[in-house]
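Peer 1: Structure incoming, see below.
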Amino acid sequence: MTSDESENAGADAAFDRIMESIGNDGPFQRRYNIIFNVIAVLFFAMCVVNVLLVLAVPDHRCRIPVTDDEMLNATGSDQWKATVYPMEYNSRGEYVHSSCEMYNISYDEHTIDDYTPPSNKTETVSCLYGYDYDRTYYDRTPVTEQDWVCDRELYGTNVFAFVRVSEVCGTFILGQLGDRIGRLPVYLFSIATAAIGRVLSIFSAHSYWLFASLAFIGSFSTNTSFQSPLIIAMEISKDANRAALSLWQLVGWTAGVCLAPLILWWMRDWSWFMIVTSLPCLLFYCFPRYAIESPRWLASQGRYGACLAQLRKIATINGRPFELTEQQLKALVPRPEREKTYGIASLFSGWHMSKLTCLLLFSWICNTIPTFTLFLLSLQMGGNPFLNNFWQGAVELPAYLLGQLCCDRLGRRFTNSGAFLAATLACLPVVLLIHRPGTELYVTMLAIVVKFFVCVTYFALYLQSVELYPTSLRQTGTSFGIIVSNVFGAVGPYIVYLGTSRDLRLPFVAMALIMLVGAVSAIFLPETLHQKLPETMDEGRQFGRDQRFWSIPKRPPSRTVIETELQELQKLHKPA
């Protein structure tokens, strides 16, 4: 260990002792976690997915210029439908009446009363008089208000792509700002832009580009709204609680994703739904007693006065005495000299680290594309779209629990690769069944199984990203993976469009091939379970080089762990 590394480790250990003295597992931490990592995440998850839910395309067909009574008497007749709508194959392989075309004939009382079968030479045209929509689940959405169907069907797909691009930009910009200006101001900015962007979109559906711009603004801070409170919680809590903190946040996310479609199903009107699922995010400005800046980050920036103020808040609520002065804090926790890195370029320093970075990027991409594709497909598949989406969200929590169990027993590498392979295999029966009539329930259940294994890969992949990179690149590497995967995630809406406009089997074929690539890339990553994590760039360049391919991770003997900890403590307390 170099002198700089020893000094940094000593500062970290000293700050850990300070946190222990004021309570690193007390009422403050529990309340902070419940408020900002469970309840706030629940509301913000609804804000994230609400714009995606309201852009679902309901069943539709061309409107016919006849009176309501005539329509009531005539449109239920197969004879009438054959007169008006040409036949075509839909994306499920069914021979049905067209949703986007009509015969170019006169629609009046004579047409209704005197049925004349159309011939092959009868001209067809696009819908001339607008569209009629299936109102079983939706009363009013942007799609039904502005007729974003048929020749405008790409409008919604493009908005989905804008959302992914926005998340990329926001993660890149706000992620760096979080390390520069602090986690708290980035968090407050994030929830404000999300709520305001979503609410203002209610008044902009008449202008497509304005609506798309507001969707971009509302999605800009998606990732930092989750990352900032989680990082603060981890930096004020003991190490043993960090995995649990991440799991609790996933519980809040899952609850929000499950509740959002049920609320829209109940309200049926997209304007009120956007308000109810967006404005509550602003409530989390109302907890100044608990909305703190990370004291560990403040100390690392040399802002010792502000750090003491945050520590006193924690100590007061935890009922612990705290009398440390600014000079004492500065002596105990000197501002560290950090290892010099070059941002993203450092992720490709040397052949081995470049290989690890590329394998992680492949895994992130192969996880993100199916995740987004499955969410959008749940709105377009047969049956109740809200229940489809609910079950796709509800399956996440047991998947994360299984992911944690497998990662701790089998290791990160085999869990990640095995879950990718299981998701690939689950796509195959979907391809075989989806064109068969009466199989909607089976297809929906299989799609949920695919989502289950994709969520397992996410849990394992996130752990691998955090543990493979050295300390100085840990946040940069994880953020870079998320950024790149979101760029490729913009392909997801077009995969769904390919399925809904051509053949519904194609998205599952594409996802199976993508996840097979993910299984291959994940199996070549080194195992991190029970391994000492790299701290320096040199350790990162060597990490995993000596591992055998088929080795099963084993827990080191407890005696070895105790001796290692004693050696580290002796180094930290050794006089200069």
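In case you wondered, yes, glycine gets a Cβ from its N, Cα and C as well.
What TrEMBL shows for this protein is this:
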- 34-57: transmembrane segment (TRANSMEM)
- 118-530: domain 'Major facilitator superfamily (MFS) profile' (DOMAIN)
- 184-203: transmembrane segment (TRANSMEM)
- 209-233: transmembrane segment (TRANSMEM)
- 245-264: transmembrane segment (TRANSMEM)
- 270-287: transmembrane segment (TRANSMEM)
- 356-379: transmembrane segment (TRANSMEM)
- 418-434: transmembrane segment (TRANSMEM)
- 441-460: transmembrane segment (TRANSMEM)
- 480-499: transmembrane segment (TRANSMEM)
- 506-525: transmembrane segment (TRANSMEM)
Peer 1: When only pairs 6 or more apart in sequence are counted, do the transmembrane segment (506-525) and the transmembrane segment (209-233) reach 3 or more Cβ pairs under 8 Å?
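Peer 2: Counting Cβ pairs under 8 Å (6 or more apart in sequence), the transmembrane segment (506-525) does not reach the transmembrane segment (209-233), since there are fewer than 3.
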Peer 1: With pairs closer than 6 in sequence left out, are the transmembrane segment (356-379) and the transmembrane segment (480-499) joined by 3 or more CB pairs under 8 Å?
Peer 2: yes
Peer 1: Under an 8 Å Cβ to Cβ limit, what residues of the same chain, 6 or more beyond the ends of the transmembrane segment (270-287), are close to it?
Peer 2: 35-36, 40, 43-44, 46-47, 50-51, 53-54, 138, 140-142, 188, 191-192, 194-195, 198-199, 201-202, 218, 260, 263-264
Peer 1: Need one number: mean pLDDT over the domain 'Major facilitator superfamily (MFS) profile' (118-530).
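Peer 2: Taking every residue in the domain 'Major facilitator superfamily (MFS) profile' (118-530) and averaging pLDDT yields 83.
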Peer 1: With the transmembrane segment (34-57) as the reference, find which of 184-203, 209-233, 245-264, 356-379 contributes the most Cβ pairs under 8 Å.
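Peer 2: Between the candidates 184-203, 209-233, 245-264, 356-379, the best contact partner of the transmembrane segment (34-57) is 245-264.
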Peer 1: Do any residues of this chain, six or more beyond the ends of the transmembrane segment (209-233), have a C-beta under 8 angstroms from a C-beta of it, and if so which?
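Peer 2: Hits for the transmembrane segment (209-233): 29, 32-33, 36-37, 40-41, 44, 47-48, 51, 142, 158-159, 162-163, 165-167, 169-171, 174-175, 178, 183-184, 186-187, 189-191, 193-198, 200-201, 245-246, 249, 253, 278, 292-294, 482.
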Peer 1: For the transmembrane segment (184-203), could you work out the same-chain residues 6 or more beyond its ends whose Cβ comes under 8 Å from its Cβ atoms?
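Peer 2: Non-local partners: 40, 44, 47-48, 50-51, 170, 174, 177-178, 211, 214-222, 224-225, 228-229, 232, 270-271, 274-275, 277-279, 281-282, 284-285, 291-294.
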Peer 1: What parts of the chain pack near the transmembrane segment (441-460), using Cβ distances under 8 Å and only residues at least 6 beyond its ends?
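Peer 2: Those are 363, 367, 370-371, 374, 377-378, 381-383, 388, 391-392, 395-396, 398-400, 402-404, 406-407, 412, 415-416, 419-420, 422-423, 426-427, 429-430, 433-434, 508, 511, 515, 518, 522, in sequence order.
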